[in-house]
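In what follows, a structure is listed as structure tokens, so that the remarks can point back to it.
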Amino acid sequence: MEIISYRLYTVPLFCLLFLGHFVSGQLDFNFYDYSCPNLTGIVRNGVASAVAKETRMAASLLRLHFHDCFVNGCDASILLDESSAFKGEKNALPNRNSARGFEVIDAIKADVEKACPSTVSCADILTLAVREAIYLVGGPFWPVPMGRRDGLTANETAANEQLPTPIEPLENITAKFTSKGLTLNDVVVLSGAHTIGFAQCFTFKSRLFNFDNTGNPDPNLDASLLQSLQQICPNQADSNTNLAPLDSVTTNKFDNVYYRNLVNNSGLLQSDQALMGDNRTAPMVMLYNRLPYLFATAFRSSIVKMGCIGVLTGHDGEIRKNCRVVN
């Protein structure tokens, strides 16, 4: 019982403190208790169906949430199709041909609209769907504060500029996180989400054949992993979109093995392995590698904190009827 109390009270307090600094309104853990009491069940069923069909979808939904929150805040702007009024974020370089899960959110939104018309925002549905997806694949469970409203526009330029990329130096990535009110610890913790999901070969292929333009592989990459990746991603253009698991040990399970991989020089992305090459972040990696419960607790806090970035509340924004278009 003491553990449950810790989960239910420390995370909400943290989020409320964060909200106080970054938004004018306030999210509420009981926001839909009366207006849409079956919301959690509807979202849970929709996510369970999608993950049962494709386990990878859990990681895809998490990435969608991350890429949404880092551009214009957590306002479901990434879900908007391009229109005559704006260029959508779906075609920004970090999202093009890689962001996925839109159909899953569409289906859940349709079910929610049947039960509670014009009541629940797409931003809240996406945020709640991520919690359900992570829990389904073995990750922690956390209370989700709700009351977000949907944005009225999208910003392709901001997506290109503000989303971290796997080839950036850690310093650049950290700067992008801190600009959103997150910390270096949040960088390490949220990077731990790479315990699930896949990456396209082009995002790390230089490590396999021409690291830093040396004509050789990354000398820090584990030799057996290197050999395996070179088979998945041969040094030719038509392998660029092939997929490799971010965590080749427990690919479909949300756990702390990601950190063990980094300790063993088996991080897939250059940006991930860089966490072991920095004297500020390496101790954090070692800590989360040794203590899985600590990682789970830290992830709950960081993901809630991320879900509070730049949210629209009160009378700002709108409640979309269709997540792809402004009303």
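Every residue gets a Cβ built from N, Cα and C, even glycine.
What TrEMBL says about a protein is an automatic prediction, not a curated fact.
Residues annotated as active site, proton acceptor in TrEMBL: HIS67.
For PRO164, the entry in TrEMBL reads substrate binding site. Within 10 Å of the C-beta atom of PRO164 (substrate binding site) sit 21 other C-beta atoms, taking all shown protein chains into account.
Cβ-based neighbour count (10 Å, all protein chains) for HIS194 (heme b binding site) stands at 24. Among the features that TrEMBL reports, heme b binding site is placed at HIS194.
Taken from TrEMBL, the feature Ca(2+) 2 binding site applies to THR195, ASP247, THR250, ASP255. Within the same chain, the residues at least 6 positions away from ASP247 (Ca(2+) 2 binding site) whose Cβ sits under 8 Å from its Cβ are HIS194, THR195, ILE196, VAL257, TYR258, ASN261, LEU268, listed in sequence order.
Listed in sequence order, VAL112, ALA115, CYS116, THR119, VAL120 are the same-chain residues six or more apart from CYS36 (disulfide bond) with CB atoms under 8 A from its CB. As annotated by TrEMBL, disulfide bond applies to CYS36-CYS116 (among others).
Counting Cβ atoms from all protein chains shown, CYS74 (disulfide bond) has 28 others lying within 10 Å of its own Cβ. Taken from TrEMBL, the feature disulfide bond applies to CYS69-CYS74 (among others).
Under the heading disulfide bond, TrEMBL lists CYS122-CYS323 (among others).
Long-range Cβ proximity for CYS201 (disulfide bond), meaning a same-chain Cβ under 8 A and a gap of 6 or more residues, is found for ILE232, CYS233, SER239, ASN240, THR241, ASN242, LEU243, ALA244. For CYS201-CYS233 (among others), the entry in TrEMBL reads disulfide bond.
Sequence annotations record features per position, and here TrEMBL assigns domain 'Plant heme peroxidase family profile' to 26-327.
Taken from TrEMBL, the feature site 'Transition state stabilizer' covers ARG63.
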Distance [Cα-Cα, Å, rounded] between CYS69 (disulfide bond) and PRO164 (substrate binding site): 12
Non-site residues, in chain order, whose CB comes within 8 A of the mean position of the CB atoms of THR195, ASP247, THR250, ASP255 at Ca(2+) 2: ILE196, VAL249, THR251, LYS253, PHE254, ASN256, VAL257, TYR258
Proximal residue to PRO164 (substrate binding site) among recorded positions HIS67, CYS74, CYS323 (C-alpha distance): HIS67
Between THR250 (Ca(2+) 2 binding site) and CYS122 (disulfide bond), the C-alpha gap once rounded to whole angstrom: 31
Of the recorded positions listed as ARG63, HIS67, CYS74, CYS122, CYS323, the one whose CA lies nearest the CA of ASP255 (Ca(2+) 2 binding site): ARG63
Confidence summary for the domain 'Plant heme peroxidase family profile' (26-327), mean pLDDT rounded: 96
Cα-to-Cα gap, ARG63 (site 'Transition state stabilizer') vs CYS74 (disulfide bond), nearest whole Å: 12
